[in-house]
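What TrEMBL lists as compositional bias 'Basic and acidic residues' is 1-42, 99-150. Positions annotated as region 'Disordered' by TrEMBL: 1-70, 99-151. Taken from TrEMBL, the feature motif 'Q motif' applies to 235-263. According to TrEMBL, the domain 'DEAD-box RNA helicase Q' annotation covers 235-263. Per TrEMBL, the feature domain 'Helicase ATP-binding' maps to 266-447. Summarising the annotation, TrEMBL assigns domain 'Helicase C-terminal' to 481-627.
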Amino acid sequence: MLSSSDTKRLSKKERQQLALERRRQQVLEQKRVEKLNDEPLRFEPSNSMDEDLDTITGGGGGHHQQQKEVVSLRELLSRKREEVELNAPKFLSKREREQLELEQRRESERKKLAEAERKRKEGEMDSKKRPLRLKEADVQSKRTRQETKKAVNGRTSKFNFEWRDEDDTTNLGLVQEYGIQPVDVSFNSALLDKGLDDVHWSRKPLSEMKTRDWRIMKEDFEIITRGTNLPNPLRSWTESDIVPDLLKIIQNLGYKEPTPIQRAAIPIALQKRDIIGVAETGSGKTLAFLLPMLSKVLKLARLNEVTKNDGPYGLILVPTRELAQQIEIELNKFLRFLPMIDTVSLVGGKLIERDILDLQNKNIEIVIATPGRLIDCLESHYLVLNQVKFLVLDESDKMIEMNFGEQVEKIKTFMTDGERQNMMFTATLTNEVEKLSREYVKSPAIVNIGSASSRDVVVNERITQRFEFFGKDEENKKVKRLERIVTSHEFKPPIIVFVNYKETGEQLFKHLQSRGVRVTMIHGSKSQDQRELALKQLKDGRADVLVATSVASRGIDINNVSLVVNYQMTKKCDEYIHRIGRTGRAGNYGTSITFLTEDYDKAVYPELKRLLQKSGNKIPSEFKRLEEGLQAIV
């Protein structure tokens, strides 16, 4: 027997069962006493007693049998524990919760559709219950309103159509009588299953991005890729596979969001794929190859006094020293946080002895070089390229234009054919660039930003292109017009003025300086120190206008240039694009003004017209008149 304290712990049902067990024991005890006293006593339990005993012993219907098995208290407690376990709350997994939410959304849709169907049927019943006279009155009232509306419109409208009822082909009466058919539940459920919702990709977690979301993202950033098994673009820096050390530096330097070329190229480069990138100037191409290169170098063993004799891990080839300087500045921002990596810039315009000392005294892992100076170092055995793991050709089209093609091919002969990743970047993917790419890249992924065809010249649509026309004997008029433009305060400094010849540049420099304009100048005859000083004056705000020859049309990174003036038009439209690309950079808007002389520049009119059409700019009437004149001659 249990004590009173143990009984208090039992549930009500268990206490009832114990009470029935005591009564059964009393019955058995009474029968035993009757047998001892030899007194025939007969006890017949009631029906309710039989049912209670059946509950305890597990017996079936009918009268109670004395031989039924008694259920122990331990078994009762065991059954109680099983019941508690079955009724215990269950914790669902993420997938089960999503499935439950989906079922709840479906059930909610079913209820809404059922409610709409019920209201529609009620409306039909109400309509059928209405007397015919009221229906006719409604129709008559509607006709009256329509006739009144027609009469009012007839006073002001040019046309007035009188439709007969039999001419009505819309069957609108059926819609008014029966209503519009509700959406099928199965169709709505299919939409839910596919996840075709209105949530924009930027508000979705990465795990819920679908093929449709990636396609929309590429359209938003004008990203076009060609290749097999290419990874998806970057949505943010934190979702990339860039090493954590570099991610911290990116945050410290304030790079908030990747540019389109960085979003597309970096994930591909991190998979060790060769890339051809086609994008406008100022689009962030430098970071698109520096980050993958640094990621690769950080994973390799550091160079020592022995291994440095096989050369650097990374090589960046550029056409001009200005571009090399720009890349070096960008790279040094990261190397301030990565002092274990040494780099050197091998370009003309400075003493080669300084470069030789760096190559001998430092463990150089990344080299930035122009083709000419690099070949000098290679042929003089100051440098070897036996372990280059990462090669970049920046502005490949400019290299070919400057006749560096043969030099670039010669540099390849100094490199071993080991495992090497190659990246090429260009503003235009011409036949010559493709020919050069076949010498370097293998099965490349082509990343194109802003143009459906990689062969199309990429024109920055944020640049407003304006043209002014002059006669061949109106040089003084051009000079005065330039003076008015740079002194009108219509455009904020800095302003860049491009010329074809350094003599013309010197004349403009002296004229503007005599008019009180804060002007500086660079051209090919200036030393490297003089050119760097001129650019620094413009960047620091000590000069408002820069007069430059085409040597400055590429690789010059000057922020917030509001205006580019082509005082003399180039002979090739590619160079024109690179000139005006100094403005409208990094998402800003800019303006270019080009002075055209019909006798000298009419050969480029057709190609200029094509570029203007692609970029959505207004086509000058002079282009149209020239085209009409050519047609008349034909």
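Just so you know, glycine gets a Cβ as well, placed from its N, Cα and C.
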What parts of the chain pack near the motif 'Q motif' (235-263), using Cβ distances under 8 Å and only residues at least 6 beyond its ends?
201-202, 206, 209, 217, 221-223, 270, 277, 279, 283-285, 287-288, 291, 294-295, 298-299, 333-334, 337-338, 447, 449-450, 586
Give me the mean pLDDT over the domain 'Helicase C-terminal' (481-627), rounded to a whole number.
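Value for the domain 'Helicase C-terminal' (481-627), mean pLDDT as a whole number: 82.
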So, by DSSP, how many helix, strand and coil residues make up the motif 'Q motif' (235-263)?
17 helix, 0 strand, 12 coil
Can you break down the domain 'Helicase C-terminal' (481-627) into helix, strand and coil residue counts using DSSP?
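Per-class counts: 69 helix, 24 strand, 54 coil.
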